[in-house]
Amino acid sequence: MTAILERRESASVWGRFCNWITSTENRLYIGWFGVLMIPTLLTATSVFIIAFIAAPPVDIDGIREPVAGSLLYGNNIISGAIIPTSAAIGLHFYPIWEASSVDEWLYNGGPYELIVLHFLLGVACYMGREWELSFRLGMRPWIAVAYSAPVAAATAVFLIYPIGQGSFSDGMPLGISGTFNFMIVFQAEHNILMHPFHMLGVAGVFGGSLFSAMHGSLVTSSLIRETTESESANAGYKFGQEEETYNIVAAHGYFGRLIFQYASFNNSRSLHFFLAAWPVVGIWFTALGISTMAFNLNGFNFNQSVVDSQGRVINTWADIINRANLGMEVMHERNAHNFPLDLASVELDSIDG
């Protein structure tokens, strides 16, 4: 009898816990994805803050020349970064217990791998949590689908690219200047500006910004008049009021006359689907481009593609970009390589010829 009562009590405790986790009445929805999201994101955030402030220099290139990234080692907010895991570690899973000491783990850039893996798991769970809450509220799943674009981009930069290049040391440093350094090196090694998927991503981001600004300005400008013709339309409203003032018919008419009739939407759902889909699809393509360039399927190469009747090269913008790429590659890992890979791989007989 005692055992039966204990089993019922424990079952009720578990049931209450499940109900609390999945309740949509909580101020912040937790959900089963949140059970994993909360500790992973807290871990990633905590280690990032500590490492950004106090992590010792990291031997990123695996050549016993550590690079300092933390504030206590001479950096500021702009130059500081979490330095990627050493090339000596490569793609090995490198938790603290795999190193002989904490000092060795820090020297080899262990915090970077810890932060990145916990962060990616956390943001993936956040996406799952969005779907879970939508499901419990009877909504459609497109919020999570839209969020999959930045999740895919982060996964491409922090996981797929290092896998393709063979080392976490090729991942993006976690800092402002580190991000720009990663972009410059990526251009030098993969010619990303000439990759069509990157072009689609640029169109998605800048186009999304343009459409967002156009939509916001139209909504705030299309007022349902509550004043007489002799008064300003603004007099009937106050900034930030909750009541809707938007008239989609007026906005449609304005925009149709500004450009042409079929450039505007007269259906609110179609309009907002377009506003969501344009940047999401663009960023999906960018993530796909990063993932293909990770395995060295690079941007278009039009170097020395225009010649005259005598076979002499007529330089184009592509040749200027190629020269800039070589210059950036020379500056990158200057102590690890004598020449850029493009120059080091030239056949000797072609030089002699």
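Keep in mind that glycine also has a Cβ here, set from the backbone N, Cα and C atoms.
Annotation for H118 (chlorophyll a ChlzD1 binding site): same-chain Cβ neighbours under 8 Å, separated by at least 6 residues, are T40, L41, T43, A44, V47. Under the three-state DSSP scheme, H118 (chlorophyll a ChlzD1 binding site) falls in the helix class. As annotated by Swiss-Prot, chlorophyll a ChlzD1 binding site applies to H118.
The annotation pheophytin a binding site is assigned in Swiss-Prot to Y126. Cβ neighbour count for Y126 (pheophytin a binding site) (all protein chains, 10 Å cutoff from its Cβ): 19.
Feature annotation from Swiss-Prot assigns [CaMn4O5] cluster binding site to D170, E189, H332, E333, D342, A344.
The DSSP secondary structure for H198 (chlorophyll a PD1 binding site) is helix. Its own atom aside, the Cβ of H198 (chlorophyll a PD1 binding site) has 23 Cβ atoms within 10 angstroms in the protein chains shown. For H198, the entry in Swiss-Prot reads chlorophyll a PD1 binding site.
For S264 (quinone binding site), the same-chain residues that are 6 or more apart in sequence and have a Cβ closer than 8 Å to its Cβ are A251, H252, Y254, F255, G256. Following the DSSP three-state reduction, the secondary structure of S264 (quinone binding site) is coil. What Swiss-Prot records for H215, S264, F265 is quinone binding site, and it gives sequence analysis as the kind of evidence.
Sequence annotations record features per position, and here Swiss-Prot assigns Fe cation binding site to H215, H272 based on sequence analysis. H272 (Fe cation binding site) falls within a helix when secondary structure is assigned with DSSP.
Annotation source Swiss-Prot lists phosphothreonine at T2.
According to Swiss-Prot, the feature N-acetylthreonine maps to T2.
Listed in sequence order, D170, G171, M172, I290, S291, M293, A294 are the same-chain residues at least 6 apart in sequence whose CB falls under 8 Å from the CB of Y161 (site 'Tyrosine radical intermediate'). Mapped onto three states, the DSSP output places Y161 (site 'Tyrosine radical intermediate') in helix. The annotation site 'Tyrosine radical intermediate' is assigned in Swiss-Prot to Y161 on the grounds of sequence analysis.
Secondary structure at H190 (site 'Stabilizes free radical intermediate'), taken from DSSP and collapsed to helix, strand or coil, is helix. Counting only residues at least six positions away in the same chain, the Cβ atoms of M293, N296, N298, G299 sit under 8 Å from the Cβ of H190 (site 'Stabilizes free radical intermediate'). Marked as site 'Stabilizes free radical intermediate' by Swiss-Prot: H190.
According to Swiss-Prot, the feature transmembrane segment maps to 29-46 (among others), an assignment based on sequence analysis.
Among the features that Swiss-Prot reports, transmembrane segment is placed at 118-133 (among others).
According to Swiss-Prot, the feature transmembrane segment maps to 142-156 (among others).
Sequence-distant contacts of the transmembrane segment (197-218), counting only residues of its own chain at least 6 positions beyond either end whose CB sits under 8 Å from a CB of the stretch, comprise 251, 254-255, 271, 274-275, 278-283, 285-286, 288-289, 292, 299. Here Swiss-Prot flags 197-218 (among others) as transmembrane segment, drawing on sequence analysis.
Swiss-Prot lists 274-288 (among others) with the feature transmembrane segment, giving sequence analysis as the kind of evidence.
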Could you tell me what the rest of the chain brings near the transmembrane segment (274-288), counting residues at least six beyond its ends with Cβ under 8 Å?
142, 145-146, 148-150, 152-153, 155-156, 197-198, 200-205, 207-208, 211-212, 215, 265
E333 ([CaMn4O5] cluster binding site): which of the binding-site residues Y126, H198, H215, F265 is the nearest Cα neighbour?
H198
Quick check: which same-chain residues outside H215, S264, F265 lie with their CB within 8 A of the centre of the quinone site CB atoms?
M214, L218, I248, A251, H252, F255, L271, F274
Could you pull out which residues elsewhere in the chain have a CB under 8 Å from any CB of the transmembrane segment (29-46), counting only those six or more residues past its ends?
20-23, 114-116, 118-119, 121-123, 125-126, 128-129, 131-133, 136
Chain-internal residues near H215 (quinone binding site), provided their CB is under 8 angstroms and they sit 6+ positions away:
L271, L275
